[in-house]
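Residues or ranges marked as domain 'G-protein coupled receptors family 1 profile' in TrEMBL: 1-243. Annotated transmembrane segment per TrEMBL: 12-36, 56-74, 94-115, 135-158, 179-203, 223-244, in sequence order.
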Amino acid sequence: MFTRHSYRRTPSSIYLLFLSMCGFIYLPWSTVPIIYALDHIDPQTQSIVICKTRLYISHTLGLFIRFCLVFACADRFCVTRPDVRIRSLSSIPLAIKFILIMCVICSLIAIHLPILMDIRGGVCGMFGIYKFIYAIYQTSVIGIIPPMLMSIFSVLTIRSLRERHRDNPVRTRQRDRCLTRMVFAEIIASISVSIPYSSNLIYTAFTYYVVNKSPLRVEIESFISFFALFLVYLISVIPFYLYILTSKTFRKEFISLFVNFWYKYIIRRVRIVPYNDQNTIATNNGRTTRIRQ
C-alpha cells in the first residue's frame, strides 16, 4: 500500500513503509526459531553465533520499528507548523536520510548484545549483572524514550492542529488526516505492548538471585514472560489492522487493490463475442482465441 504513488509523496508514508518492511522481517526472524525449537534442539543453545545474532537482529529491528514511528510523529508535527523552516523538515529526501542515520545509530546502540550474551547451562541469554543492566537499558530505550517522544510530538501536533483550525479554518487534506490518525493509533499500540515487557524485564532482573521460588510462582512468572514477549511480537503485525480500522482512505484503497489482484490473477474470465458471422473470439485473461461455431 505504501509503495503506491498516492502515498509515496508523503514523508510519513516513507517512515511507515520502512516500519512495515522491518515488521515483515521481524516477525518470522523472531518467532520461527521458537516454533522450530518446540520439537527440535534449539540452535541457540548449540551455536554461540546464532545465540548472539538472533536477539541482536530482533532487537535492532524492534528499534527501527519504534524510532520510525517517532520520526513519523515528528513529521506530523512539522507539517502542522506555520513556520516555513519547520515545515521544510518534512520532506522525502530528509526522511530517507533520517532513516539511514537511524539504522546506523540503532545498530551501534545494540552492539552490546552480541558482545555480552553467552550460553550457560544449555541456555542462551544474559547472566549476572548484565541481566540487570539489560533490563534498565531495555526499559529506557524501548519502554520510556520512544513512547515519551511519541507523546510529546503527538501533543504538539494536536495543539498545532487546533491553532491552525482557529486561525485558518481551511480543511486539512484527507490523506494527511488519515495518516495522522494512523500514526496516533500506532503510538497507542506501541506503548501498550512495550510497558508489560519492560515491567517484566525489571521484575525478572530484581528476582534473578531469588532461589527459593515455589513451582507455582515459577509457572506464573513463565506465563507472564511468555505473554509479555508475545505482545512485543505483535508490534510487527498490529499496524495493518490499525490502519484498516482507523483510516477510511487506507481501507478503501486496500479493498480496491485486493479486488483488482483477485480479478487479475485469481479469477480467469472468459468472454465470447460474435466475429465475422461464423467466428467468435474467446478472451481468456487478456489472450484472444478464435473459435468456429
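Quick reminder: no glycine exception, Cβ is built from N, Cα and C everywhere.
No curator has checked TrEMBL annotations; they are predicted automatically.
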Take the transmembrane segment (179-203) and find every residue of the same chain, 6 or more past its ends, with a Cβ under 8 Å from one of its Cβ atoms.
10, 12-13, 16, 19, 66, 69, 72-73, 76, 134-136, 138-139, 142-144, 146-147, 150-151, 154, 157, 161, 224-225, 227-229, 231-232, 234-235, 238-239, 242-243, 245-247, 250
Long-range Cβ neighbours of the transmembrane segment (94-115) (under 8 Å; 6 or more residues past either end):
11, 14-15, 18, 52-53, 55-56, 59-60, 63-64, 67-68, 71, 75, 137, 141
Local confidence of the domain 'G-protein coupled receptors family 1 profile' (1-243) - pLDDT mean
81
